[in-house]
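Student: One structure is given below, represented as structure tokens, and several questions about it will come after.
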Amino acid sequence: MSDEKVLIGVIGGSGLYHLDNLTLEKYVNPETPWGFPSSPIAICSLAPSPTKIAFLARHGAHHTHHPSTVPSRANISALKSLGVRVILAFSAVGSLREEISPGSFVLPTQIIDRTKGIRPCSFFEDTEVVAHASFGDPMSLGLVRWLEGRVGEVLEGVNTNREKKKKGEGGEGGEGEVKLFKDKCIVCMEGPQFSTRAESLMYRQWGADLINMSVLPEAKLAREAELSYALIATATDYDAWRPQSATVTAAEVFKTLKANAEISRKVIAAILEDLQKAITKKKLLLEEVGTMKYSIMPRAGELRGEDKRKLGYVLPEYFS
Ligand SMILES: CSC[C@H]1O[C@H](OP(=O)(O)O)[C@H](O)[C@@H]1O
Ligand SMILES: Nc1ncnc2[nH]cnc12
């Protein structure tokens, strides 16, 4: 356990590999029972405020981790070992709906799992402790509701600036309105190849609105670790469902990544202080704390030393 207590963790997805709008205090790289995280974790602040956040790049600082082999257990447990209680996870996603145009921000509340069982998805795997976490609401809804207002305000500011620029009144970069969508459903697919047209159409029929390759098992592991977790999705493409359009390519995704990452950095900087206050003062966002108590199956007999060591790292509340 590090003695550095940082309450807010940010996971950057494709295109978001650093937060250079914040002040870098130091890097830490904790070794967990599940290995090292995807990247060293940057402890950053918005000087002169003392509030710190822990940032890690999901695919590594140089995008070297495939979506199917991201070390999510190391990532989530390493963040928790630093004191993190709330995770904001950013992700580049495909849009399955016409109105969610590339460049839009989305706060999904539901997930459909289309991963193929090849990703370790529980801290309890390979132990003799059995647990069944509740996952009906896979995002932390209190956190999502809190974010809706705050992210909306930041996007309004971005849009005002874009309007000004358009009218030649100063302002800054980017084109078009950045929209915010709420209460959407995201499919998490295996990859690394993108979906076929048939799959993309099927997901729409299932009621899904977005697609990525990363929200699982990350969100499941955050739940097991009793951390509040919300995905801030940024749309980059229309996947493969539009009959008259070419299907998504990585090159198309890259086109919007840079602009999306810029706005994501603005969002983080703008909400940091209020989020810290909400966590410390109102405890509003710590809805997951205590939930594993009723998820771990009662057991008789001694806990194996290795299980105690592993589970004690991520859930010291129950296994120390
Ligand atoms: C670069 S396109 C596919 C890739 O992008 C997304 O990554 P992330 O969620 O980390 O932003 C998607 O999930 C895939 O891993
Ligand atoms: N169309 C898509 N499918 C899966 N993951 C994505 N990430 C960004 N666009 C995507």
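If you go along the chain as it appears here, the first residue is 1 and each next one adds 1.
Any Cβ shown, glycine's included, is placed from N, Cα and C.
Predicted automatically and left uncurated, TrEMBL annotations should be read as such.
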Student: Among Ser14, Ser134, Ser140, Ser264, indicate the single residue that TrEMBL lists for the phosphate site containing Arg58, His59, Ser91, Ala92, Ser214.
Tutor: Ser14
Student: When the number of other CB atoms within 10 A of each residue's CB is tallied over all shown chains, which of the binding-site residues Arg58, His59 has the maximum?
Tutor: Arg58
Student: So how many other Cβ atoms are close to Met213 (substrate binding site), meaning within 10 Å of its Cβ?
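Tutor: That number is 25.
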Student: For ligand 1, which among the binding-site residues Arg58, Tyr238, Asp239 have a CB under 6 Å from it?
Tutor: Arg58
Student: List, in residue order, those recorded positions out of Ala92, Ser214, Ala250 with a Cβ under 6 Å from any atom belonging to ligand 2.
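Tutor: Ala92, by Cβ distance under 6 Å.
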Student: Restricting to the record's phosphate-binding residues (Ser14, Arg58, His59, Ser91, Ala92, Ser214), give me the longest CA-CA distance in Å as a whole number.
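Tutor: The phosphate-binding residues span at most 12 Å between Cα atoms.
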Student: If I restrict to non-local contacts, at least six residues apart, and a C-beta distance under 8 angstroms, what lies near Ala92 (phosphate binding site) in its own chain?
Tutor: Gly13, Ser14, Gly15, Asn212, Ala233, Thr234, Thr236, Val253, Thr256, Leu257, Asn260
Student: Are there any residues at least 6 positions away along the chain from Ser214 (phosphate binding site) with a Cβ closer than 8 Å to its Cβ? List them or say none.
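Tutor: Within the chain, Ser214 (phosphate binding site) has Cβ neighbours under 8 Å at Gly13, Arg58, Pro67, Val70, Ala89, Ser91, Cys188.
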